[in-house]
Amino acid sequence: MRAILFGGGLALLVSLLGTRVAINQFTRLGYGQEIRDDGPTSHHTKRGTPTMGGVVIILATVVGYFGAKLITGDMPTASALLLLFLLVGTGLVGFVDDFIKISKQRSLGLRSKAKMIGLTVVALVFGILSLSSWLEDDRGQSPASRHISFIRDIGWITLPTVVVLLLIWLIIAATSNGVNLTDGLDGLATGASVMVFGAYMFVNIWQNNQWCGQTGLDQPNLCYEVRDPLDLAVVAAAITGACFGFLWWNASPAAIFMGDTGSLALGGALAGLAILTRTELLLIILGGLFVMETVSVMLQVATFKATKRLTGTGRRLFRIAPIHHHFEMLGWEQVTVVIRFWIITGICVAAGLGVFYAEWVAGI
């Protein structure tokens, strides 16, 4: 518990102070955000706001985690290092995307195909390592499993390695892009991430307290077959603290944006937590806001293509997608949209944690 508190607190402090430094440096270097022309006109005033603040979130998380390891004297675990690799790797893809936008002074960075290739490489490396036998512990358990998981592994569904790698890629790509789509209003994705990563911190703490590796329980419905749950909680706490510190400067009116560097990194780390904690399907509930944002874009594209094919004129389901911009176009103030979407996130997190705990209680 000391490592969790220290890691989260140190990450918060580094992020809070580091973001202020980043704002000054990025402003001096001219690392400003370019705004899409088809978005709400009110967003044009944000052009030039420093971006790539995700660099600070990533740095604060890494410092927070390893600082906690120094305090406790414990060695880093394979699961935590894999999660940090995913955070940094997906963040690097976002960094390249942001840098292209800044250097070319346009709202389009990496092309979709190039971005997906980058995410695919990171996801496959993560997947192969997390399933590899040489990272198994003395109980023969690898960081990731070959089962589909909800609250825990669904034991009767064992998948071939190729299928598992495909699912890992899908979860990482979908979650990264989901957080990326949500990051369109001041503080929206950051605040939502605080709640979801905070929820995963508590999930990991509970899994550690009921861990099959230390409780001696032989009932699979009362303990959790998860690798290194306490160390995953330290990383989740560090990310939560880093997002809290960044939110101080990212809240409306934002003094800095996280950019694709931050949104892809947070999405990748969130997917990694779901995979490593064996709660992939639970992520759909906990990260309900990110799912909603992604589905709104999918419905918008599908509706436009279908109506264009049928009538010759494409029609849109929403005024603009993702859906948070739709409500802006309806006349909602930006802060109103953000707070109400945070409320949605809070409801999703409460529902997800409730389902998680209820499943354990039902097994008693």
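Backbone N, Cα and C atoms are what each Cβ position is placed from, and that goes for glycine too.
The transmembrane segment annotation in Swiss-Prot covers 3-23 (among others). Below 8 angstroms of C-beta separation, residues 50, 52-53, 55-57, 59-61, 63-65, 67-69, 71-72, 74, 201, 205, 230, 233-235, 237-246, 248-250, 255-256 of the same chain, each at least six residues beyond the ends of the transmembrane segment (3-23), sit close to that stretch.
Beyond its flanks by at least six residues, the transmembrane segment (51-71) meets 2-4, 6-12, 14-15, 18-19, 22-23, 26, 31-33, 80, 84, 87-88, 91, 94-95, 98-99, 101-102, 234-235, 237-239, 241-243, 245-246, 249-250, 256-266, 269 of its own chain at Cβ-Cβ distances under 8 Å. What Swiss-Prot records for 51-71 (among others) is transmembrane segment, and it gives sequence analysis as the kind of evidence.
Counting only same-chain residues 6+ beyond the ends of the transmembrane segment (80-100), those with a CB under 8 A from a CB of the stretch are 51-52, 54-55, 58, 61-62, 65, 109-110, 115, 118-119, 122, 125-126, 129-130, 143, 172, 176, 180, 228, 231-232, 234-235, 239, 259-269, 271-273, 276. For 80-100 (among others), the entry in Swiss-Prot reads transmembrane segment, with the evidence type sequence analysis.
Beyond the ends of the transmembrane segment (116-136), by six or more residues, the same chain brings 78, 82, 85-86, 89-90, 92-93, 96, 110, 142-144, 146, 161, 164-165, 168-169, 172-173, 176, 264, 268, 272, 275-276 to within a C-beta distance below 8 angstroms of the stretch. According to Swiss-Prot, the transmembrane segment annotation covers 116-136 (among others).
The transmembrane segment annotation in Swiss-Prot covers 154-174 (among others) and rests on sequence analysis. Sequence-distant neighbours of the transmembrane segment (154-174) (same chain, 6+ residues past either end, Cβ-Cβ under 8 Å): 86, 90, 116, 119-120, 122-124, 126-128, 130-131, 144, 146-148, 220, 267-268, 271-272, 274-275, 280, 283, 294.
Here the transmembrane segment (185-205) has Cβ contacts under 8 Å with residues 1, 4, 8, 179, 229-230, 232-233, 236-237, 239-240, 243-244, 246-247, 250-254, 258, 262-263, 266, 269-270, 273-274, 277, 279, 286-287, 289-290, 324, 328, 334-335, 337-338, 341-342, 345-346, 349, 352-353, 356 of the same chain, all six or more residues outside its ends. Marked as transmembrane segment by Swiss-Prot on the basis of sequence analysis: 185-205 (among others).
As annotated by Swiss-Prot, transmembrane segment applies to 229-249 (among others), with the evidence given as sequence analysis.
Taken from Swiss-Prot, the feature transmembrane segment covers 256-276 (among others).
For the transmembrane segment (281-301), same-chain residues at least 6 beyond its ends with a Cβ under 8 Å from one of its own Cβ atoms are 148-151, 171, 174-175, 177-179, 181-182, 192, 196, 199-200, 267, 270-271, 274, 316-318, 321-324, 326, 341, 344-345, 347-349, 351-353, 355-356. Residues annotated as transmembrane segment in Swiss-Prot, with sequence analysis given as evidence: 281-301 (among others).
The transmembrane segment feature in Swiss-Prot is assigned to 341-361 (among others); the stated evidence is sequence analysis.
Long-range contacts of the transmembrane segment (229-249) within the same chain: residues 3-5, 7-20, 23, 53, 56-58, 60-62, 64-65, 68, 74, 76-77, 79-80, 83-84, 87, 187, 190-191, 193-194, 197-198, 200-201, 204-205, 207-208, 211, 255-256, 258, 262, 266, 269, 273, 276-277, each at least 6 residues beyond the stretch ends and with a Cβ under 8 Å from a Cβ of the stretch.
Tertiary proximity for the transmembrane segment (341-361) is limited to same-chain residues at least six positions away from its ends with a CB under 8 Å from its CB atoms, namely 151-152, 185, 188, 191-192, 195-196, 198-199, 202-203, 206, 210, 221-222, 279, 282, 285-289, 292, 324.
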